[in-house]
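The structure is given below, and queries will be raised subsequently.
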Amino acid sequence: MSTQTSNGEDEQIKKINEKVVKQIEYYFGDMNLMRDKFLKEKIQEDDGWVTIETMLKFNRLKQITDDSKVICEALKSSSELVEVSENGDKIRRRPDKPLPGDTQERRDEINNRSIYAKGFPLDAKLDDLMSFFETYGPTENVFMKKEFHKKTFKGSVFVVFKNKEDAAKFISEEETKYQDSVLEVKKFKADYFKDKQAARKSKGNKKEDKSKPQEAEKNTEEEESEKARQQMTRNAVLFLKGMDPETSREEIKTFFAPHGDVGWVDFDKGSTEGYLRLKEANSAEPTLEKARKAGDGKIVIHDKELEVRVVEGNEELEYWKKMFREIAERHDKKKKGGRGGPGRGGKNQRGGKRGRGGYQGKRRQNRRKDDGDGDSGAEDNDDDDEPKCKTVKTDSD
């Protein structure tokens, strides 16, 4: 009996170790590290080394284990990509395995082994999907598309295989089943975006409105997502639900200020839901934990107990895409004449500023850079310059 118990424990330890190595190699792998701004900044601080304490701020790793010794032992015994420091408190990507350059050739190579698939059960789990795709060959990334507000799986995924032959094998299979369901759509990722772009263009041609499309509509969904990933401040947004309609933005900011560096409270007064954006990457979970600890496990604002969670995954990406899109639209309006509009005393026109007629000298040199073009972690202190929260519609596929 004791032998069976021992074998069972050994098998469990082995599974945990495999998950740890796979997850950390994903973080330090080519796909993630090329676009993970936070991790790249940490790597530059200490000759490539990142503390285990920092890595445990990543939720998915923490869900596997929060034991630093387990993480170190797993990497020492099995990882060919990541090494552990002598003291066992830091890890880094091995210097003899440098990150490839972010060239067009490299992006094309990744696209050639990236696929889109649709028709999965809405209750499918990431681990199950990863196991399914790896029956066709090793993968670098499995991305589940999710609804923005509901945070529910849409039944479609993007997958990057390590080899283009495995991607082609999956696409060319005549009838692909996941569990008992036949997948509805399978195509290369590049073809998916071409088809989406063609559908949008066709839809636009049918409309009688010949007005100039907005700038965001000129870019493909892929380009917009990639830009957001590069500029977003990761793990820095909290979703708040159950607020009293009379709650003010200032009340929310004042409540969380002692627990984290608040950048912006994103909601309309009268709404019962909203977002809190923090200035520092990976500060959402620590801020939430501190706030709960101070309130005996509860978040109570305006005499109402709130449901608060960290915004992650596709929901996080869609939040930042929406924010950057609104900022771009706002700046575009300013370029067209600001609030005054053409011929109505706009900012750069004569008499445009009340009480400041006459000479309109050069713009101040210390104006901040356009939002979305610089480091998104550097928040502006002028809260009134932020866009109001709007509902974001996501594609059905």
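Placement of Cβ uses the backbone N, Cα and C atoms for every residue, glycine included.
Pasting the feature list from TrEMBL:
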DOMAIN    10-101  domain 'HTH La-type RNA-binding'
REGION    86-107  region 'Disordered'
COMPBIAS  96-107  compositional bias 'Basic and acidic residues'
DOMAIN    113-195  domain 'RRM'
REGION    199-231  region 'Disordered'
COMPBIAS  205-219  compositional bias 'Basic and acidic residues'
DOMAIN    231-355  domain 'XRRM'
DOMAIN    236-313  domain 'RRM'
REGION    329-397  region 'Disordered'
COMPBIAS  339-349  compositional bias 'Gly residues'
COMPBIAS  350-367  compositional bias 'Basic residues'
COMPBIAS  372-386  compositional bias 'Acidic residues'
COMPBIAS  387-397  compositional bias 'Basic and acidic residues'
Should anything in the same chain at least six residues away from the compositional bias 'Basic and acidic residues' (96-107) have a Cβ under 8 Å from its Cβ atoms, list it; otherwise answer none.
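Contacts of the compositional bias 'Basic and acidic residues' (96-107) (Cβ under 8 Å, skipping residues fewer than 6 from its ends): 30, 33-34, 81.
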Could you pull the average pLDDT for the domain 'HTH La-type RNA-binding' (10-101)?
92
So, by DSSP, how many helix, strand and coil residues make up the compositional bias 'Basic and acidic residues' (96-107)?
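Helix (H, G, I), strand (E, B), coil: 4 helix, 0 strand, 8 coil.
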